[in-house]
There are 2 protein chains.
Amino acid sequence: MAASRRHPDGVRHGIKKQGELMLDEFARIRLWTGERQRPALLREQGVVLGIGDDAAVVETPPDAEGGATQWLLAVDTMVETVHFNDATMGDADVGWKALAANVSDIAAMGGVPRHALVSVSVPKTWEPARVGRLYDGLYACADYYGVAIVGGDTTSSPAQLVVAVTVTGTVEAGAAISRAGASPGDAVFVTGPVGMSGAGLHWLLAAAEPGAGQPVPLAAAEADGTAALVAAHRRPLPSVRAARLLAARGTVTSLNDVSDGLASEAWEIAMASGVTLALRESQLPYSGSMTAYAHRRGVDPLEWMLYGGEDYVLLGTIRREDAEAARAALAAEGLPMYIVGEAEEGEIGVSLIRDRGAARQAGRREAIAKRGYNHFNG
Amino acid sequence: MAASRRHPDGVRHGIKKQGELMLDEFARIRLWTGERQRPALLREQGVVLGIGDDAAVVETPPDAEGGATQWLLAVDTMVETVHFNDATMGDADVGWKALAANVSDIAAMGGVPRHALVSVSVPKTWEPARVGRLYDGLYACADYYGVAIVGGDTTSSPAQLVVAVTVTGTVEAGAAISRAGASPGDAVFVTGPVGMSGAGLHWLLAAAEPGAGQPVPLAAAEADGTAALVAAHRRPLPSVRAARLLAARGTVTSLNDVSDGLASEAWEIAMASGVTLALRESQLPYSGSMTAYAHRRGVDPLEWMLYGGEDYVLLGTIRREDAEAARAALAAEGLPMYIVGEAEEGEIGVSLIRDRGAARQAGRREAIAKRGYNHFNG
């Protein structure tokens, strides 16, 4: 499959036999990855030479305005047993999510995702059909977002599946939105509900039968009213369109995608921008199915909303005077946007204003900890 | 470290405790990867925003002539126990080689390597110092070739080390050299000796003490006269300068890097171009140390030269009328170039003309098999 190489290094020297893929599998790799995408998509993304040589050749796709663009580059890795297991995720889900996580990083800079390069290390115990499904999910996500897969490397792995995806994107020159631009007075927004993926994972781990070796079927979630949560966990839908509409307004001052939980991402913006982000509990986007499931399990939904992660919606700040107009503009396109708080002067950090439901105590403020394992300034 | 994310996914949900890195290690990641490169290098490579946000932002570096450029993209993966083990490679060697293999892919298109994104999945059993050494090797290679490391993802791995590196490069628009342009009459060349890496690996596997858990020391190779072979295996030096000088001539008709052995790479050019590549045994670049070691071990040096791989020199074809001038031009820069055969009309394939030493039989031709595991048209 490789742009960089047509077959795994793993079979070159045979240091360890366990590293070798069977002959058949090389033909299969070509089946999985050869000519899977429409020529029109590849052309649109500026692909001059795709998979099959030492490297792909791409040119900057024509910009709508004919203006100069800059490139965005990001990489993300998913490791079996660390980020998922075979009960929580089907093989196609892993492929989808590995690419989606990267697409989300491009959205979080205000850009358009363009190309992907895929490194897959496949356990020797895997049936070929499983790899096929993984690629199916990957290409499904690529087609959904119009991303051209231009390179890859399929190797064998002695133990777990490892999928590392690199994406490129483009953004109008100078228009990339970092985490560092929030100012006191800016409104804080998110582009969708948070906590659903975390709740979905919670349900999946509880529903998994040890040693079943099969993903928990979606039908079981449907029967239990948690299908939306499971879908949010397995097939996240990054906010690319919202990102582009927001970036075009020129009033978004910082942007992050919610991969590691609202608290962690808010902290990153707060630290990079030197502000406090104050979130209002009453304005946070509670999903009905997530809240219902949380109540059934006796979990505080805030736990998943703040710390669950893998929501792949956007968290950002926008000039207060444009916040409502931006929300209306996104709504006109059928895209959600929730104003959830504001940036404030003061000590760097994240606060939650408890102004909702039973917990309402005349706007009591709580400091939201950046969970220890996210803490980088120690 | 990540451009895409500042900490491993692995600690987010804690599906498996084994996936978690210790708190200290996140601080270490920043030490390993933060501000490791000179600002001048980053500026030169068009880095607008480096490691630390959702994605890096880069712009097309200024071209010497001010002309349009295209981008090259490649990915390559190294998996412990598949591509190396802890006897054959030190940790820093793994870092160096993971990037070098990708730099070589850019050279093989005639381009200039620019940026790299690094995905490292670290076994939980590793001491932090080992990861530090891996990054040291990676950054040493990056500095050697002037590559800006703009993104990364450090996760934990339940078992083996997996390193996936993606590189970008640029090439003058329309000037990328694929494998498909060789014509009958073109001269075949390589930019350095082949087989040294394979011989080095042979020596390392023989010298390794089972279970030592330490790389075979270079001093042992020095004492045995095989240091050059071990260095070729552990610290390959891709032919970037040669590639750029050759590409500028406009007479190179196909180009490949020797990652999978001369036979395999020659086959790829032959298949992509629809020609026979005839190699002359007498003109192949036999390295003295490789030949001497082969004789000591009773191995036919051709075995390593044709099938060893990981030499990361370039194999290509060039218009016959420019071949000698090109060779002289590279020699003037201290760079080797060997004319080793020619492209011919006829059945697609690779031939070896036995015209050397004891085996000389008035130019007897042998068909060189594309080794089974490389065979993609089955």
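Counting begins at 1 with the first residue displayed.
Note that Cβ sites are derived from N, Cα and C of the backbone, with glycine treated the same way.
Annotation source TrEMBL lists domain 'PurM-like N-terminal' at B:52-171. Residues or ranges marked as Mg(2+) 4 binding site by TrEMBL: B:Asp54, B:Asp105. Annotation source TrEMBL lists Mg(2+) 3 binding site at B:Asp54, B:Asp105, B:Asp257. Sequence annotations record features per position, and here TrEMBL assigns Mg(2+) 1 binding site to B:Asp76, B:Asp153. As annotated by TrEMBL, Mg(2+) 2 binding site applies to B:Asp76, B:Asp105. Here TrEMBL flags B:His83, B:Glu310, B:Tyr373 as substrate binding site. Under the heading ATP binding site, TrEMBL lists B:Tyr135, B:Gly152, B:Asp153, B:Arg179, B:Ser259. Under the heading domain 'PurM-like C-terminal', TrEMBL lists B:184-347. What TrEMBL records for B:Asp260 is Mg(2+) 5 binding site.
This view paints the features noted in TrEMBL onto the structure.
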| residue | record | contacts (Cβ under 8 Å, 6+ apart) |
| --- | --- | --- |
| B:Asp76 | Mg(2+) 1 binding site | B:Ala98, B:Ala101, B:Asn102, B:Asp105, B:Ala164, B:Val165 |
| B:Tyr135 | ATP binding site | B:Trp32, B:Thr33, B:Arg36, B:Gly95 |
| B:Arg179 | ATP binding site | B:Ser254, B:Leu255, B:Asn256, B:Glu268, B:Ile269, B:Ala272, B:Ser273 |
| B:Asp257 | Mg(2+) 3 binding site | B:Ser104, B:Asp105, B:Ala107, B:Ala108, B:Pro238, B:Ser239, B:Glu265, B:Tyr312, B:Val313, B:Leu314, B:Leu315 |
| B:Ser259 | ATP binding site | B:Ala101, B:Ser104, B:Asp105, B:Glu265, B:Gly309, B:Glu310, B:Asp311, B:Tyr312 |
**Request:** For chain A, give the subset of the binding-site residues B:Asp76, B:His83, B:Asp105, B:Tyr135, B:Asp153 whose C-beta is less than 8 angstroms from one of that chain's C-beta atoms, in sequence order, otherwise 'none'.
**Result:** B:Asp76, B:His83, B:Asp105, B:Asp153
**Minimum Cα separation from B:His83 (substrate binding site), reported as the residue among binding-site residues B:Asp54, B:Gly152, B:Asp153, B:Asp260 that achieves it** = B:Asp260
**Prompt:** What does DSSP say about B:Asp76 (Mg(2+) 1 binding site): helix, strand or coil?
**Reply:** strand
**Request:** Could you round the CA separation between B:Asp54 (Mg(2+) 4 binding site) and B:Gly152 (ATP binding site) to a whole angstrom and send it over?
**Result:** 10
**Prompt:** Taking the binding-site residues one at a time (B:Asp105, B:Asp153, B:Glu310), which has its Cβ surrounded by the most other Cβ atoms within 10 Å?
**Reply:** B:Asp105
**Request:** Would you kindly give the Cα-Cα distance separating B:Asp153 (Mg(2+) 1 binding site) and B:Asp260 (Mg(2+) 5 binding site), rounded to the nearest Å?
**Result:** 27
**Prompt:** So for B:Asp54 (Mg(2+) 4 binding site), how many other CB atoms are inside 10 Å of its CB?
**Reply:** 33
**Asked** Listed ATP-binding residues B:Tyr135, B:Gly152, B:Asp153, B:Arg179, B:Ser259 - what's their greatest C-alpha to C-alpha distance in Å?
**Response** 32
**Prompt:** Counting each residue once, how many in the domain 'PurM-like N-terminal' (B:52-171) are helix, strand and coil under DSSP?
**Reply:** 35 helix, 49 strand, 36 coil
**Fill in**
Simplified DSSP label at B:Asp260 (Mg(2+) 5 binding site) comes out coil
